[in-house]
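**Q** Feature list, courtesy of Swiss-Prot:
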- C419: S-palmitoyl cysteine (LIPID)
- C422: S-palmitoyl cysteine (LIPID)
- S433: phosphoserine (MOD_RES)
- S440: phosphoserine (MOD_RES)
- S456: phosphoserine (MOD_RES)
- 1-25: signal peptide (SIGNAL)
- 26-396: topological domain 'Extracellular' (TOPO_DOM)
Amino acid sequence: MNRGIPFRHLLLVLQLALLPAVTQGKKVVLGKKGDTVELTCNASQKKNTQFHWKNSDQIKILGIQGSFLTKGPSKLSDRADSRKSLWDQGCFSMIIKNLKIEDSNTYICEVENEKEEVELLVFGLTANSDTHLLEGQSLTLTLESPPGSSPSVKCRSPGGKNIQGGRTLSVPQLERQDSGTWTCTVSQDQKTVEFKIDIVVLAFQKASSTVYKKEGEQVEFSFPLAFTLEKLTGSGELWWQAERASSSKSWITFDLKNKEVSVKRVTQDPKLQMGKKLPLHLTLPQALPQYAGSGNLTLALDAKTGKLHQEVNLVVMRATQFQENLTCEVWGPTSPKLTLSLKLENKGTTVSKQAKAVWVLNPEAGMWQCLLSDSGQVLLESNIKVVPTWPTPVQPMALIVLGGVAGLLLFTGLGIFFCVRCRHRRRQAERMSQIKRLLSEKKTCQCPHWFQKTCSPI
């Protein structure tokens, strides 16, 4: 019995010695679809020696015969290679190009009667739709993975947005700051592989902008895009809602072709001017109160569903003096937090309100400033000069004028009255003289009827 135990041990040692190679621990390598991976295999001695790479089905992929690289009948024969320059250093790695998901397998390197097993897991991460998406659209990323794997994915946008999940990741509402290179990390068996995905969010650089102008100044509207494309074609329109108007109207329509802009239609009031090159640029000749309001510029790109939008606001300021009233007004969309002020330069006289109009009665002479401010920051300023007025005896002068007019009218009336009276007396005297002359000639009336017609009582 005691002699049998050493014999069994000896038999086990002989069986181990007869094994062609010793298998080392399996390594796990993660690869990316379409990329290149290098599976390492190192000999204990730094010299050129025989080696072979096989898959899990023991099909030869490549190896060395003499000093030449030979390839087997595997499906990787046209994509597998080895670094010949490193053979003398005992490095017999296998390089696989243009990785595919089905390349995921266990690969065996046989060198110096030893075996090294490398498990290759190939993953692919792609966007389900076009990587050029309009602002507000959804982004979906899908992970391709080999059967039997259970990876996790974490992605980070250029704007710092983090999403994570399994084989599908979704971003419901893309924002303009999401445009750029997304970094996604796939984890499996405590190993990681990193993907870079370029996402282009089609949007304007700003969602909204406000232009502040004094009455009569020229207005410039600019709509820069947050992306660049080699070929950019589409059409656009600017709708405007003036503060004083009951409804909005189209101010201008245009076409965009190969980054060149051509105007299709423009209103006559106001008559906008548009630049012919990007960025989109509009000029309003004069800022007037009737133009103050809000506009919405839309841009529809060819082969894309939906439109790009940018809101633009125009605020117009007017400072006027009428009789004894100095007024400062603004028109257009303003925040209730904004402050409107009238301030006399170099003096402490100031009138401020969170309103769209302020005024001063009987203002002092000097340069007045009309200011629109936001938390102390001046957004718009207009100056108006008030000249000094000297007091004049307005009432006595008026009385003198009125008295003169009344006297003239009275004198004229008396003159007319006396002229008429004098004329009447003259006619009466002429008639009396005629009667006396007739009587003196002893001409009397022959009948009462003639007397009544020709004679008048004395």
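Cβ atoms are placed via backbone N, Cα and C, with glycine included.
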**Q** For S440 (phosphoserine) and S433 (phosphoserine), what Cα-Cα distance in Å is obtained after rounding to a whole number?
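**A** For S440 (phosphoserine) versus S433 (phosphoserine), the Cα atoms are 10 Å apart.
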**Q** What is the Cβ neighbour count of S433 (phosphoserine) at a 10 Å cut-off, with all protein chains included?
**A** 10
**Q** Calculate the distance in Å between the alpha carbons (Cα) of C419 (S-palmitoyl cysteine) and S433 (phosphoserine), and round it to a whole number.
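**A** Each residue's Cα considered, C419 (S-palmitoyl cysteine) and S433 (phosphoserine) end up 21 Å apart.
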**Q** So what's the average pLDDT for the topological domain 'Extracellular' (26-396)?
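**A** Per the prediction, mean pLDDT sits at 91 for the topological domain 'Extracellular' (26-396).
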**Q** State the Cα to Cα distance, in Å, between C422 (S-palmitoyl cysteine) and S433 (phosphoserine), rounded to an integer.
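**A** That comes out at 16 Å between the alpha carbons.
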**Q** When you measure from the Cβ of C419 (S-palmitoyl cysteine), how many other Cβ atoms are you left with inside 10 Å?
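**A** Result for C419 (S-palmitoyl cysteine): 10 neighbouring Cβ atoms inside 10 Å.
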